[in-house]
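First the structure, in the form of structure tokens, and then the observations on it.
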Amino acid sequence: MLSVAQSSALFLLQAICILYITKLTIPTPVSEINLVRQSDCVCVPIISRSGTDYITCFNNCQIEPINTKLYNSTCTKMVNITLVRCNNEVYVMTLPNLVSNRSHSWEVLINYLLRFISAIIVYLLLSISKQGIFLFFSIVHYSFKFIKNKKSCNICGNDFYFIHIDCPKPDFTKRSDFHMMFYIILFLSLFFVVTHADDNVYNYYEHGDLTEIQLLDKEHYSQDFVSDGFLYNFYVENSHLIYDISNISTITRPVKHNEVTSTWSCDGSSGCYKDHVGKYNKKPDYVLKKVHDGFSCFFTTATICGTCKSEHIAIGDHVRVINVKPYIHIVVKTANKTDKIVIDEFNKFIHEPYYIKPITQIHIDQHDFLVTGSKVYQGTFCERPSKSCFGPNYITSDKTVTLHEPKIRDTFTHDREYIIDYCDYPSNSDLESLELTDMVHHSDKIYSPYDFGLISIGIPKLGYLAGGFCESLVSVKKIEVYGCYDCQNGVKISVTYESSDSCHTLICKHDSTTHRYFVQQHTTTLNFHSFMSKKDTIIECNQMRKALNLDESSETSVYFESNGVKGSAKEPVNFDFIKNLLYIDYKKIIFVFLVAIISIGIFLRSPYMLLSSILKFRKRRKVVATNRSEQLVMDDDVDVFIGPPS
């Protein structure tokens, strides 16, 4: 048997083992789990729809909303401009505009019809201005006499500077050369109005080893560009102005008014004034003669005078803008690579990762604002106490400034009571009298949404195309399509292919649309945007086919807008709309046919008149040449028969 000492030692050893095993099996506290997850957090905001609201989420990140409310621990509801703190950094997001679920094919059709209408308007305006244009041509032609020596026609004697078509020269409204120039201008105007793609007007310019694009600065707008066959997607994540501000004063509003000193006299205002100074050693703020005083005075009524003060509450800070700078974030995706362009200064060249031309300094009209919390108001603010501006009472440099104009009134009771309406002037302190802006204030900065128009971005040429090096087709492994048919959002097409040490070509076809892109070496995925008009359709990418059954349009599907630019610097005119116009249902075809019947006469008239002017021009030149030859022959005959005797 074990001794008592051995038993005690064995019991102690068992207890230690049990405690050690228990410690190993105790769950990690929730706070420790959160710390571990928070340490793995990468703050990347993701915007999505939840019912009728937009929310932004930071996966695996604990966030702190600044001007909105939490949706859950990692998501927050969105307002016009949403500020969220994640990992001690402030992220700015703008509420997306509601993407319409209208029919994309009808939208495209209406867009094409608007081009036709624009062409008709151009035709009518030029036709109405025809005589004025001829007069302008005549004035320009006449002005050449100051810079060019004129010539004289041997047949009709008229002066000319370049060419002489009409002989004799007619009125300027009937000149053949003016008609020809007019119809050339008219024809080219109609041609470019109809065929020039609205998304592609400002997009591409070639500059040596760069392809310059003009990016539309519109938040939550996704734009595709092709540079030397390679597809680039630019997504405008943020576009704001940031105002650095300085505090001018804290505007206050009087909310409670109290009597400080008071006295009365039967000797009128002067007597009351004298009594108050003698009693309190200060001048009274107000003087009131009672109508009834309860027989305080026998031969007159009492005069009351005294002082008062107001208790104030702060309603906001009057701030002034001292500096303005841009806040632009653009996400660029090409194949498996993602870059981010950050523009945070005006008049600054950016060379990496893309060449960015400087943005011109923005001049703002409003420099003074009132901020309270995250809200920003604008109006006319007081620099000194006045009734003609907002905030006559304020605190600046630890000094309280008030518009002290007490207002009291008689109670008309038989005593010396009176009512103090106010001591410090309370009006012009109501926030409802100011204009609430869509800006957001946080930490001595004001964030204001702003579109900078077109941003010039230079895409470096990759240099893979020498000798048709990229022409071989890449081997496609998988095709995925996300989105809806015949909707404003369109579809996102993701093609997975085999990685290679060299670049290759990817050709995808669906409906009447063909997408042709080069894929970079050592990449496996290419994403691009497109539109499909049918629910059931087939997409083919490098001989891999996939049947699609797309969903209907949904307002909750995608929150950003996309364009359909698929041109290049070498194709400034977009002719794809002609094919797409034919690939629509019979209802739209009938509608287009009716419009075309009305328009075709107008559009055919322009090339007809141009051709007529050219033929007339050539015919008159032949006539002039013939007349000149006959005149020379007649001159020779005259020299022979009526010349001087030999």
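From the backbone N, Cα and C atoms, a Cβ is placed for every residue, glycine too.
Keep in mind that this is a model prediction, so the values were computed, not measured.
Within the list Asn80, Asn627, the entry that Swiss-Prot describes as N-linked glycosylation site is Asn80. Relative to the membrane, Thr56 and Asn258 are listed by Swiss-Prot as lying on one and the same side.
Look at Asn72 (N-linked glycosylation site): DSSP puts it in coil.
Mean pLDDT, taken over the topological domain 'Lumenal' (198-588), works out to 83 on the 0 to 100 scale. Asn336 (N-linked glycosylation site) sits 32 Å from Asn80 (N-linked glycosylation site), counting Cα to Cα. Asn336 (N-linked glycosylation site) is surrounded by 14 other CB atoms, counting those within 10 A of its CB over all protein chains shown. Sequence-distant neighbours of Asn80 (N-linked glycosylation site): residues of the same chain at least 6 apart with a C-beta under 8 Å from its C-beta are Thr94, Leu95, Asp438, Val440, Pro449. It is Asn72, among the glycosylation sites Asn72, Asn247, whose Cβ has the fewest other Cβ atoms within 10 Å in the structure shown.
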